[in-house]
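J.: Handing you a structure now.
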């Protein structure tokens, strides 16, 4: 089967997901220059905070419209707030209730940007969609692979690992072959309103507010004890959901007699007892894992795991590739690392690579300690 991307650009209608940022703006411009029939689409995925200081949707829509007006393309708008609530946000809350630390951006990409948006674009008569993600695609016969973005500082394949090959085959990634400074320079050269706009950071629906303030609107806090690894009570937490493995800030521990000056870190969340276990030192042994179990694995394309495979993996965004051996066991997918991994966090994602190819990944269920715990 020939990939849709291999058609004549002049006969190919592409709808670009316009976020109001510089990356999607330049993506639309580049596709225009390549001869595609280009239109834009602005997605509204969150409605809870309309009219508040935290919601930037109006500003983002205005920026997207300004860019579309500048380059002379039509801008569609679509409201996917209901789909986002049902397929992303409710899962986000359930994970926090379970004491885990989820990554909603990964689910948003799979369920909204490469499902709801793709379906909507196809219903408008599009042949392909495009986004401003820093990833690349490679077509090999009937198979479309997801590759890391050329800019190692901006590569976003970690966040797109749960998107299937069929969806990738329907998508163009114009800035994936560029580095960020090049993208801004192109936007500046063409007078795009988003040329100097700051990149968005953090979880989209939280904005600039404190995470704990946001979360307590939806989940009741359950305060409990903070204990050392020896079981000594040294403080109280406001709720396990506010903390993640490896966290240093916001523990409220200080001035303890004979404790020394080394900072305290979250080592473990004991969900059964509602206890936050902490220890001192960035290199505390409890922070390191030798292996992990993952579930809910999504492969971009099916892979053969009839025998263990040596791959590389990331257990967090921006982490360098870590060599591991992946095997399918009765308990799930088990990755054993060559080197100890710090702060492996249940609920976060582990993403597997073969060189520059992103194979897929899944949710971390448990981490196995690097050294035995008493």
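Backbone N, Cα and C atoms are what each Cβ position is placed from, and that goes for glycine too.
Owing to the predicted nature of the structure, the values given are computational and were not obtained by experimental measurement.
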J.: Looking at Swiss-Prot, which one out of 43, 241 binds ATP in the same site as 17, 18, 19, 20, 21, 22, 23, 24, 132?
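T.: Between 43, 241, Swiss-Prot records just one in the ATP site with 17, 18, 19, 20, 21, 22, 23, 24, 132, namely 43.
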J.: I'm trying to understand the geometry here, so how far is the Cα atom of residue 133 (site 'Interaction with tRNA') from the Cα atom of residue 23 (ATP binding site), in Å to the nearest whole number?
T.: 7
J.: If you pair up every Cα among 17, 18, 19, 20, 21, 22, 23, 24, 43, 132, the residues annotated as binding ATP, what's the maximum separation in angstrom, rounded to an integer?
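T.: Farthest Cα pair among residues binding ATP: 16 Å.
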J.: Does anything in the same chain, at least 6 positions from residue 21 (ATP binding site), have a Cβ under 8 Å from its Cβ, and if so what?
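T.: Result: 60, 63, 132, 194, 197, 199, 200.
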J.: Provide, as an integer number of angstrom, the distance between the C-alpha atoms of residue 108 (active site, nucleophile) and residue 43 (ATP binding site).
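T.: For residue 108 (active site, nucleophile) versus residue 43 (ATP binding site), the Cα atoms are 12 Å apart.
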